[in-house]
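Annotated features in TrEMBL:
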type    : residues : note
BINDING : C60, C61 : Cu cation binding site
Amino acid sequence: MFEKASVYVIPLDLFVKLVQISSFWGSSTPTQKDAVVLQKPYDPTDPKMNPLNPEGLKPCCACPQTKSSRDECFLRHGAEADDKCKDLVQQHIACMRNLGFRL
């Protein structure tokens, strides 16, 4: 029924040039309504965007306990790891999500 609105992310220098061109050709300066929405992509390692990760941990360094347990299980069980390590994988995923990572 309703169309989903699109958000376009453009570099800041390009936005500034567009505003300058718009104000040159137009009779008035563009309003905030006319401006393109600038939005940074979500970065789970940025403490300002993600208060759940105040240390700014990267995915490779987050949740070392659950990560090492999961990895050891996969090495130990080989072909059967999918079934035997399911709980450890879920624990690691939960830990990562608690830090704001999207999995």
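Including glycine, each Cβ sits where the backbone N, Cα and C put it.
One residue stands out among the binding-site residues C60, C61 for having the most other Cβ atoms within 10 Å of its Cβ: C61.
C61 (Cu cation binding site) falls within neither a helix nor a strand when secondary structure is assigned with DSSP, and so counts as coil.
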